[in-house]
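Chemist: According to Swiss-Prot, the record shows the following:
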BINDING   71-76, 105-109, 129-130, 142, 151  NAD(+) binding site
BINDING   184, 246, 263  Zn(2+) binding site
């Protein structure tokens, strides 16, 4: 299956195909001339797939180097970025060469940021290996790293030259890593895709059912995201809909310590919390919070987090990228399958943090 992100200045394809990882060399040779490449990955993914990818790329005529770092959100920072810059310089990577991001969301965000800033920008592609990355972070060109103050505080908008998704690699994920990806999938059903929501409703919620439906839910999710990105590449309008649950979710990730609460888990908690308060205020329909809770719990996603520190969460929210002056744009779901933006004074976010 193939989807096109038809941006006027930089169109590219998303290829979704079981077994695609073994064909990465032939896929990339259709995008780039044989040249020098650096595969950026983490130590866990490197053990699983780096050699397989390297051999496929070398068979297609590419000269391949691999840079890996310690897996986890805690590595997504400027220290790791600087180590990557040093590695690229040592192997002599130039602007005519490229970067392959091989891994989950942390790898994709960091590798994309490195590619967009090294020598003022070199070509890169995304090969996501986690469900979260396959349905969300590998698409749309957002790159970035965390700081002690906020998640993804430093980053760029830089589109990849292509995205290659192999659903079969999900079989090597741990159960928690697989389940957390469903946080983003549930979000897509809520904000845009009623057909996806119906498919999720029919699933039994087990890890086996996720793997069985993987190709379909990845396709639906990517289709929603690529349409929104085409309409609003730089996050000024409808692309903000993709942040449903993320305002509070990012604050949870930051206050818990990066990596303690996984991204999809934090999004699930954020969706439930904002819906609970918005429903009480009449901003979302009656009963929708229970629907979200039921769907999240069915797939094993958390719907609450302890310790819930309202003051710490609020301080993290003040660094949110959706904040503008003393106000913030909060994404709500007025009905299943649609979203809107509710701009409120930043101070009012304290109400949305109350239990």
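Just so it is clear, glycine is given a Cβ too, placed from its N, Cα and C backbone atoms.
Describe the structural context of each listed feature in the structure shown, including burial, neighbouring residues and relevant distances.
Modeler: Within 10 Å of the C-beta atom of residue 75 (NAD(+) binding site) sit 21 other C-beta atoms, taking all shown protein chains into account. Classification of residue 75 (NAD(+) binding site) by DSSP places it within a helix.
Neighbour count (other Cβ atoms within 10 Å of the Cβ, all protein chains): 25 for residue 184 (Zn(2+) binding site).
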Chemist: With residue 246 (Zn(2+) binding site) as the reference Cα, tell me which of the binding-site residues 71, 105, 130 is the closest one.
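Modeler: That would be 105, nearest by Cα distance.
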Chemist: Determine, to the nearest whole angstrom, how far the Cα atom of residue 130 (NAD(+) binding site) is from the Cα atom of residue 263 (Zn(2+) binding site).
Modeler: 12
Chemist: Give me the long-range Cβ neighbours of residue 107 (NAD(+) binding site): same chain, 6+ apart, Cβ under 8 Å, in sequence order.
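Modeler: Correct list: 40, 41, 42, 45, 101, 129, 133.
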Chemist: To the nearest whole angstrom, state the Cα distance for the pair residue 105 (NAD(+) binding site) and residue 263 (Zn(2+) binding site).
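Modeler: Answer for this pair: 9 Å between alpha carbons.
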Chemist: Which binding-site residues (71, 73, 75, 109) fall within 10 Å of residue 263 (Zn(2+) binding site) by Cα distance?
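Modeler: The binding-site residues passing the 10 Å Cα test are 73.
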Chemist: Can you check which residues sit near residue 151 (NAD(+) binding site), meaning Cβ under 8 Å from its Cβ, same chain, 6 or more apart in sequence, and list them in order?
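Modeler: The list for residue 151 (NAD(+) binding site) reads 250, 253, 254, 258, given in order along the sequence.
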